[in-house]
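Novice: One structure coming up, written as structure tokens, with questions to follow.
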Amino acid sequence: MARLPAGIRFIISFSRDQWYRAFIFILTFLLYASFHLSRKPISIVKGELHKYCTAWDEANVRFSSKAGSVAPDQLADNETDCGWAPFDKSNYQQLLGALDYSFLCAYAVGMYLSGIIGERLPIRYYLTFGMLASGAFTALFGLGYFYNIHSFGFYVVTQVINGLVQTTGWPSVVTCLGNWFGKGRRGLIMGVWNSHTSVGNILGSLIAGYWVSTCWGLSFVVPGAIVAAMGIVCFLFLIEHPKDVRCSSTLVTHSKAYENGTNRLRLQKQILKSEKNRPLDPEMQCLLLSDGKGSVHANHMVILPGDSGSATAAISFTGALKIPGVIEFSLCLLFAKLVSYTFLFWLPLYITNVDHLDAKKAGELSTLFDVGGIFGGILAGVISDRLEKRATTCGLMLLLAAPTLYIFSTISKMGLEATVAMLLLSGALVSGPYALITTAVSADLGTHKSLKGNAHALSTVTAIIDGTGSVGAALGPLLAGLISPSGWSNVFYMLMFADACALLFLIRLIHKELSCLGSATGNQVPFKEQ
């Protein structure tokens, strides 16, 4: 027989399960990248919605008084050289900040409901609806340009509805990925996967920047069309769970007892009096954040309804909050996401003001922050997998991020080269903790030992953590809009304070991790790949 071609040998070297997992990994990556692609245009278009025209106005006023030419204020609203009404007035920063806040506030409120709704509906249908609706309202914002709409209320309502429908995305894709991938090397896998955030931001910046100076309406219409198209792809190809195509539910080759959690159920049984003096294993001790003395406290147990072993009941909101670590990481993410989303929505305008670049070039330069974010997310995942300490990894990066932001605010005024270097470094340190918490940590906590194998809890836990983070995402751009008129340095002081607060909420978890040698924030020890 003739030897098989190299390409065919490569294909058959992977199992059917591995190919399905690779497909789901790539598909969910592209689906959520398209969500972020649609969020980026507003930050790129800000420089076009309001232009600096003071000098132009003064020159034309003097010229019109001598030659009798038409004064600028006699031009149509959409033809003034100060931008697009109503953003062409002196209060433009507050108005632009209100647009960000309306989207992110709706996103934060909707996220708490989205996880609860999402775990009770088929993920494929739920995500498809969200993507089609998101594409429609993203494009609707851009249609304001073509239909000459200057109502501030129109843009606010569009942002609010878009923020609500976009909440369908994150709990759905994280739940789907959690169903397909085991817990071994979860930090690395999800660190690579979470680069979809930065990839989406980069593509969104480039697409929006291509039309921003000529026809900014297309900066929204095209991303909206892409999201809607990916919604159709989701409907046609997304597979929610490995069992739907008869694949194994985890990557590991352990016995079924590990896969269905029956061995681990022993840890959740009520500790008998005769067992009180038995020491806990180090992993369980640190996972449940106990003192290692006596039995596991009852308030760490999340009691779920349903038959034992089936684990089909959906977890309640309060039940999810009882999972050890959920509250701490949620509050940490609130401040970490505040910093990240302030950069997402205001960085291009900051670069325009400081480096005196036009909106298109500022948008292209701002993508370097997201490039740094890709490396930061992967690095955080690798380090946390190696150390098996999620909170400690996040804390270290937050500790380094605060002084880095101060240096960024100082030397970015020295020239383009300094700005490029600091964008990459700041992106890595700011995005690293944010990426780790929203992916690997959320998945760890959503499949925590105390859940007794309940697979339906992941969506709710993810929604709680990301929903709380989204409160910070809403506050950050709003505060930036209010503070920036007093100087960009004050905005950076606000961001440094937020990083310090994020670190503060992790202190207890970091202490527990460091006092428990070889343990992890999550429960990945029994699931390590062999």
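The chain as shown is numbered from 1 upward.
A Cβ is built for glycine as well, from the same backbone N, Cα and C atoms used for every other residue.
According to TrEMBL:
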TRANSMEM  20-37  transmembrane segment
DOMAIN    27-514  domain 'Major facilitator superfamily (MFS) profile'
TRANSMEM  95-113  transmembrane segment
TRANSMEM  125-147  transmembrane segment
TRANSMEM  153-181  transmembrane segment
TRANSMEM  193-212  transmembrane segment
TRANSMEM  218-239  transmembrane segment
TRANSMEM  326-347  transmembrane segment
TRANSMEM  367-384  transmembrane segment
TRANSMEM  391-408  transmembrane segment
TRANSMEM  420-443  transmembrane segment
TRANSMEM  455-479  transmembrane segment
TRANSMEM  491-510  transmembrane segment
Novice: Between 0 and 100, where does the mean pLDDT of the domain 'Major facilitator superfamily (MFS) profile' (27-514) sit?
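Specialist: Overall, the domain 'Major facilitator superfamily (MFS) profile' (27-514) comes to a mean pLDDT of 77.
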Novice: I need to check the long-range neighbours of the transmembrane segment (95-113): which residues 6 or more away from its ends have a CB within less than 8 Å of a CB in the stretch?
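Specialist: Contacts of the transmembrane segment (95-113) (Cβ under 8 Å, skipping residues fewer than 6 from its ends): 39, 42, 46, 49-50, 86-87, 89, 152, 155-156, 159-167, 170-171, 317, 341, 345, 349, 463-464, 466-468, 470-471, 473-475, 477-478, 480-482.
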Novice: Go through 20-37, 125-147, 193-212, 218-239 and flag the stretch with the largest number of C-beta pairs under 8 Å relative to the transmembrane segment (420-443).
Specialist: 193-212
Novice: How about long-range neighbours of the transmembrane segment (367-384): same chain, 6 or more residues beyond its ends, C-beta under 8 Å?
Specialist: 186-192, 194-195, 197-199, 201-202, 205-206, 343, 347, 390, 392-394, 396-397, 420, 423-433, 435-436, 439-440, 521
Novice: Among 125-147, 153-181, 193-212, 218-239, which stretch has the highest count of C-beta pairs below 8 Å with the transmembrane segment (20-37)?
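Specialist: That would be 193-212.
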Novice: Do any residues, 6 or more residues outside the transmembrane segment (193-212), come within under 8 Å Cβ-to-Cβ of it, and if so which ones?
Specialist: 25, 28-30, 32-41, 43-45, 47-48, 177, 218-220, 222-223, 226, 344, 348, 359-360, 363-364, 366-367, 370-371, 373-374, 377-378, 381, 427, 431, 435, 438-439
Novice: Restricting to the same chain and to residues at least six past its boundaries, which positions have a Cβ under 8 Å from a Cβ of the transmembrane segment (125-147)?
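Specialist: Distant Cβ neighbours of the transmembrane segment (125-147) are 31, 34-35, 38, 41-42, 84, 117-118, 154-155, 158-159, 161-162, 165-169, 172-173, 215-221, 223-232, 234-235, 238.
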